[in-house]
Each structure stands twice: as C-alpha cells, then as structure tokens.
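Annotation source TrEMBL lists active site at C:Asp310. Marked as Zn(2+) 1 binding site by TrEMBL: C:His63, C:His65, C:Asp157, C:Asp310. The feature substrate binding site is assigned by TrEMBL to C:His65, C:Leu66, C:Arg67, C:Asn97, C:Asn283, C:His314. Look at TrEMBL and you will find C:Asp157, C:His184, C:His237 tagged as Zn(2+) 2 binding site. TrEMBL lists C:52-240 with the feature domain 'Dihydroorotase catalytic'.
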Amino acid sequence: MDAHTPPAEVIPPRPVLEAPDIARVLTRIAHEIVERAKGAENVVLLGIPTRGVHLARRLAAKLTEITGRDVPVGSLDITMYRDDLRLRPARALSRTEIPKDGIEGSVVILVDDVLFSGRTIRAALDALNDIGRPRAVRLAVLVDRGHRELPIRADYVGKNLPTSLRETVKVQLAEEDGRDSVLLGLGETSPAEG
Amino acid sequence: MKRHLISAADLTRDDAVLILDTAEELARVADRPIKKLPTLRGRTVVNLFFEDSTRTRISFEAAAKRLSADVINFSAKGSSVSKGESLKDTALTLEAMGADAVVIRHHDSGAPHRLATSGWIGGSVVNAGDGTHEHPTQALLDAFTMRRRLVGADTGLGRDLSGRRITIVGDVLHSRVARSNVHLLTTLGAEVTLVAPPTLVPVGVGAWPCEVSYDLDAVLGKSDAVMMLRVQRERMNAAFFPTEREYARRYGLDGDRMATMPEHAIVMHPGPMNRGMEITAEVADSARCTAVEQVANGVSIRMAVLYLLLSGAVPEEPAAGQTRTEESK
Amino acid sequence: MTETTTTTVTLLRGAKILGGEPADVLIEGETVTAVGTGLEAPQGATVIEAEGRVLLPGLVDLHTHLREPGREDSETVLTGTRAAAMGGYTAVHAMANTFPVADTAGVVEQVWRLGKESGYCDVQPVGAVTVGLEGRKLAELGAMHDSAAGVRVFSDDGKCVDDAVIMRRALEYVKAFDGVIAQHAQEPRLTEGAQMNEGLVSAELGLAGWPAVAEESIIARDVLLAAHVGSRVHICHLSTAGSVEIVRWAKSKGWNVTAEVTPHHLLLTDELVRSYDPVYKVNPPLRTEADVLALREALADGTIDCVATDHAPHPHEDKDCEWGAAAMGMVGLETALSVVQHTMVDTGLLDWAQIADRMSFRPAAIGRLAGHGRPIAAGEPANLTLLDPAYRGEVNPAEFVSRSRNTPYRGLELPGRVTHTFLRGRATVVDGKLT
C-alpha cells in the first residue's frame, strides 16, 4: 500500500493507467456492484488506508449517482492485524471508521488499491471479524498484479496487470498525490507488501 | 523510538506525537464490542511492582491484555531478600521465563534504568514510576488528555502542545509525575510553570526548561491547564510546610481560585486525590476536572507504548559505552 | 614471605629522585646507604636499571578501609596491604569501621598484628573516636594510644562526630598524646537518605541530595572548635569548593587544621551518576566540575595537605544492584598514583617533589608515623616507590590484587605505573608484580 521507493538506477516507471482510465474502471466497478448486489442495498464500503479509502469514497459517490441513495463508506486499518509487524519498525496507525449503522448483516466491500500477496486482505478479514458479522464480504481492487500467497481473489478488479516480482506498481491518487495514475516500474518488491 | 521507555526525556517530539496519535486510534477500540486486538499475541508482558500501585498496575494490565499479550503480575513487595539481590535475581528469573517486556515500578530512582542497561534482561523495559525520578506513561497520558481537551481529539492528530501554558502545582521535589511532565510538555512545545512552596522545589530546578513560581494566584489566570500534584501529609512532619491548613490555603485549588482560570482551562490530577488538601471536592467533581478521563486515557497510552515498543522489529542498540567526566582544563 | 637472614643489597641506577636529576641509590638491608652518581654495585647486589623512572618515598595513606575484622569477603589486611604495595604504598592507616569496631586496644592491636604478619605494607590502625561509632560516648582513646598499635589518629569515619560536645572533648583529650581527630564531615540531618551530590543532576535524577553545606558546616564548626581548645583536627575526604575556602581561612589564622582529598574527587563529577551505575556511589559524593577544579587548586597550593585514597572495597553483589540499594565507596589503592599523576602532574599543577610531599611526607607527619615519609638520603629507612611515568594503560579491574573490583576507572586510560615498591629495603613489588 505504501509508496515504493525505487532504487536510483531504475528506469523511470511508465504509466499503465491514467486519470480517465481510473475514472472509467471505477464507474465499471460501481455498475458491477449494483448489478451483483441487487441495487447495492445493504452495501457498506470499507477502504483500506491509505489509498483504498480514497477509492472507496469515489466508489460510494458513483454508487450514489447510479442508485440515488447514500452508500455508507468507512475505513478499516489493518496494521494491528498484520502478520509482518516484527519484520519492520513499529508503524503508525491509520483510522478505522465504521459507518454509524455498523456492518451487521450488510455486504461489506473491502476496497484497496493493489492486490498482491493477499496478506493485507487476510488481515482485513481478521479486523472485520472483531467489528461485526457482515452477511458477506467482497473485495474490490484497482489493480491485481498477481503473485498471491494466500487463497484470496478479488470480486471486482479495475485492471489485471501481470507483473514480475522485479517490477513495482505504484498507485497515485489526486487526494494523496496530486494526480491520478498507476505506474509500473522496476525494482525489488516483496509480495508481503500487498 | 528507543527499545525502552525509561524517561520522558528519551522521547523526541515526533516520538511523543506518534505515541499520542497511536493512542488516539487505539482509544476507539474501547468503543467496540470486542475491545481486543491480536497484535501482541504470544508476547509476554511482566508487571514487576516493587511498590503498591493498583491503579497503575491494572492500567498496564488492561493495556497489555487488550493487545492480546500474556500478562504476568509479579509483586515483589515484602520480599525478605536484600533489595539489590532481589532486583537482579528477579530480573534473571523473568528473563528465563521469556519476558518480552518488563513494566517496572520501583521505590528507587534509577531502578528501571539499571534494569535496562545492566544486561540482566533482554526485553524492553517500561518505567511505571521509579522513586522520585520519573513516570513517563503518566506524563504521556496527561499530554494526551491536554491535547484532546485543548486542541481536539481529531484536530489534534499529528499536533503537539505548542504555546499551551501548563501549570504544575505541589510537591515537585518528590514528584516523578512533575519531572516527566516537565520533560515531555517542553518537548511538545508547551510552556510549563511549577508552583510550590520553596521547600518542595528541588535545588537545581533553575536548569529545568520551565518557570518556577511560589504564588499560585499569579499564574492561574494565564494557565490552559492546571495540574495538581498529590501532597503527602507526612511531608508536614519533615517541616516542608507548617500545617495542612496552611498548605491548602496557599497552594490548594478551590472553587474561587478555579474561577480565576480562563474558561477553557482544565484541572488535572494524577490521582489518588487528597480532597481538602491540594484540591477541594468542588473542584474535583467539576466538569473541568479531568481526573477520571486521565485514568481512561491511561489505558490507551499504555497500549500505544506497548504496541510501539513491542510490535516492530528490534532496533539496533548502540553499544553502551561508559561515560566519564570531561577532562577539566 | 620468608625472612631472610642475609642482607639484601639493591642498586637503583639512574632513577630520578623526586623527579629530579638521575642518580643511583644503594639499599643495604633496611636502609638507604648511598645516593649519588656512578655508584658501584657491590658483589651480589640486585641492579635495577631505572632510567626514566621516578623514585618517590614510599607512599603513605591516611585513609584505608581494610575491612578486617568482619568483612573479609570484601578485603583482608593481607589483600589490602598487597593492593597498597601495588599502588606504591609502604604504610596505610586502617580505618576503624570494622566489625567489631576498632574502638578498643584489643581490636587495634589485632589489626596492627595482622599488618605486621602481612609483610607488604605497614598498617597503622586508626581508633574510633566514640564507642561503636555511635557518637555518644568516647572510646578509650588513651588505651588505644598506649597499646602496641600506638594509635595517634582517631576517626569515626563513615559517620560524623556530629555532637559538638563530644567533638570538643575528643579534640581536647587527644592533646595528651599528640593525637589527631580525623573528622568525616557530614551533618547527619541534612543528609538523611542522601544518595548523591545535591545540585542540577540530583534534581533531574530524582535522587536525594547530599548538599555541600552538610560538609562545610561541620568543617566550619570543627576548625573553630580545634582553635578554641588548641588541638589539631584533620578533615577527611574534603570534597567541595566551599570546604576548601573554610580550610584556607582556618590555616590563614594559624590554626592546626589539615585536610585530605581523594583521587576520585580530583577527577570524577556527579555527571557520571546519570548512568545510575553504583560504581559511582561514594560518600562524600562525587561533586561538580567547579569543585573538582577547586580541589586540584587547593592540593596544589597546600590548602589541602595530602591525598588519601578512602579505599573502600565492596563485594560485587553490593554494587551489582540498583543505586539505592548499593553500598557507598570505591577501591583506590591501586590507581591512586595514576589518578594523581593524571590530574595534578600531567596538568602541570604539581611536580614529583610536591607529589612526594602530598602523598608521603605530609600524611606521615599528620599521622606522626615514624620511619615513613622520610627524605631519600643515606641513613634513611628504605621505604621507596619507583614508578614509570611514561607508561599509559587502561585500568583493568581483573588485574587488581585487592579482593574487590569496585573501581570507577574501569577501561579508563591512565598514566604511570608503579614498577617497584620497597618496604624497609625488601622489594614487595618488582616489575609491576607482587613478590
């Protein structure tokens, strides 16, 4: 989720999605959600900080456009549930914000920017478990770059991006980075990061 | 952050803000049906208390348990072994049991420092109050309470206490709470004033980064927070002040005095309170008094400290070199 | 140690006597028999090539804790006198705070006899001023003086004779046999529970303070008392700039006041306590930089008469603990001369002749100790210390011969090393090793 700092000698990353592409795939995902969740009733969007939260808000806005109803949106920090805490210095926590009506009996759609090893989503499922019991949990990601280490798959994918482990995928969003784009670069990445 | 928390002076501004921010997020866990996080599963936290302090011990215990750590309470009070042997031998025992963190309360100033630097144990050491030295988690929870009240819970995130004026009143000489607060609040940008009778201010206070006043009324009007320290009645017998009545009259906080404080200003007390001595019941029970809130905040702060000390990778420790006097020429 | 019946003969060749021009010194039996240049080595003489070395009279310590009887786990007369010999000492004054306290003729004679048997260094017992060091009732000072030990120095060291009347009487009483009261100046009420020097560092560390005034007020009282009754008083381990001022004033009045300073108070400050390492816990406590400088100056100008080690051995467990539970004191015999060279000679404050004065002549004179603190000349007893001032080395407590290792100088590089010590002509230390 965090920005990867590429080594200095690396070739400049090239964009694989630009702002209009990102807007288009989010619209598509919103429509798919409405379609599969039968009008998106009972849907709660929970973004995984940091960029997943922005994506969740954008999706919620699009769902409201489509359905004319407010869709609850929140955030789910998974730091305390990570399985790699002891591999790095202690991390700052992000905000967990559960919509006021909770998630009991709802369809929670977890939203993240990049799906990689699947460990983040595993942690998110654990975190969710301590908060309530949704009827179902779905996963929406902007980019799926493969290299899964756990039996996890996304229900909604903006773009499937086959990568090698030597490549890095960096998502930039206007709210955080001043521009929208998905960049593919070179440099060592650990699948544990996503 | 360092591997241990011995003194509030060990914390940089960024360390301290990180702890406060982390505590702010963790405070929200208290509102959930399941108030537990799996983060320290399988880690062992020992509460090593050489001094009675039920409040502090249960606060650390609750914090460790909410993070899923195994908690062992070790009360060393009443041990017949000589004090020195018992700290070292106890430490070796805890090490053998695989303690990942030792939370220590001790009647001797410096005992946690000694535990952390003696090589007796390998885990993290958290100072839960040592003699008349420091009580860093108390200062952190005080700062947390001030930031919430004076800056705001959400608006306070990432921010310090720059420009806030904090007055600490009472037995500064014997107070580990005061020492830790002077360090921490100064690090966080606050302006600290100590108020006490001159007998209860340490010789050497001139080097502290704060003001000292003997006149409570003169500083109340320009205080954003007033922290009342517990004054032990035994001090009277050692001639630190003539009578309780005189102490209360000159340095106690009552309703009239509280009325001279700015409207937004809060009254703090680390507890347990001596009602009628340093604080009247009217003040203690008023909405401006944060004593109860401080207790609740204590659990969040201690969760944050344990999380930040224990969850990450073990940082490299610089070899402990012996310090010597500067050659004097 | 075996008694030898044949006369040992030693020739020191080219030693700088009191740091002066190189000369040869011939020792025959217990006596220096010739001093000069180009001396011939007699048949069978041991010749020690001493070029570059400094020859001093055997050092005399006015303040040593040998711990025997009672605390033989930390030191004995034998181990303590071995440590003394290694440090270049030929006589030490054994403090009275043993178990039982050296407050009777019996105990001081026992310590004196143990010293004789050790053969490494003369041991002059110090008698307690009051029974049990309790400050209430005078001990039998006269009996201790009349005993085989011939006690002349009396001290309750470790505790202050704080009762003004008792102090006055003691000062008066010992005039009968030219005794001296060595006062441990510490006002007890001002130092209840004291852990370290009271000042900036104690305020920060939250350790109970030992204020300078607690020492100075007693010294002020005692110099006035000594003047009033016309007796002599000696101030143990003077540690503050204010104490220096009082002693300087008393001496300017012509009063019979002498004072000692420890090596550690000439070098270390209370900043070290920030480590909470009890190896720095000592009484009186380490003071400030300003005090250290004042003490050096006072030793240089003679306001402070002598250096005394306050060698205070403690077993490991009494220091391997938290500060508050730790014992007070440091070992010092084996490092004293190096610390003094470092702080006083290498800084240009004193030359070697003055070191001989501060570490041998003066303490022997204060203790009225016969046969020690004598000039290096033909006919004088051969109590001598030969040192290599060019040597530099790290202090390694594992090499100490003292039974205890509680030194604050571990790992510190210090100059100077005693290569030979002679006690009445017999070498107790040769090439830096005990014989």
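Quick reminder: no glycine exception, Cβ is built from N, Cα and C everywhere.
Note that this is a predicted model, so its numbers are computed, not measured.
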Nearest-integer angstrom distance between the alpha carbons (Cα) of C:His237 (Zn(2+) 2 binding site) and the residue listed as 'active site': 7
Other residues, Cβ within 8 Å of C:Asp157, C:His184, C:His237 Cβ centroid (Zn(2+) 2 site): C:His63, C:Met95, C:Ser155, C:Gly158, C:Ala182, C:Gln183, C:Ala185, C:Gln186, C:Cys236, C:Asn283, C:Pro284, C:Asp310
C:His63, C:His65, C:Asp157, C:Asp310 excluded, remaining Cβ within 8 Å of their centroid (Zn(2+) 1): C:Thr64, C:Met95, C:Gly158, C:Cys236, C:His237, C:Ala308, C:Thr309, C:His311, C:Ala312
Binding-site residues near C:Asp157 (Zn(2+) 1 binding site) (Cα-Cα within 10 Å), from C:Leu66, C:Arg67, C:His314: none
Listed in sequence order, residues with CB under 8 A of the residue listed as 'active site' and six or more positions away: C:His63, C:Thr64, C:His65, C:Cys236, C:His237, C:Thr262, C:His264, C:Val282, C:Gly329, C:Met330, C:Gly332
Whole-number Å value for how far C:Arg67 (substrate binding site) lies from C:His184 (Zn(2+) 2 binding site) (Cα to Cα): 18
Maximum Cα-Cα separation (Å), residues C:His65, C:Leu66, C:Arg67, C:Asn97, C:Asn283, C:His314 listed as binding substrate: 17
Those residues of the chain, 6+ apart, with a Cβ under 8 Å from that of C:Arg67 (substrate binding site): C:Ser74, C:Glu75, C:Thr76, C:Gly80, C:Thr98, C:Pro313
Other CB atoms within 10 A, centred on C:Leu66 (substrate binding site): 31
DSSP three-state assignment (helix, strand or coil) for C:His65 (Zn(2+) 1 binding site): coil
Neighbourhood of C:Asn283 (substrate binding site), C-beta criterion under 8 angstroms, separation at least six: C:Gly158, C:Gln186, C:Trp210, C:Met328, C:Gly329
Segment-level pLDDT (mean, integer) for the domain 'Dihydroorotase catalytic' (C:52-240): 97
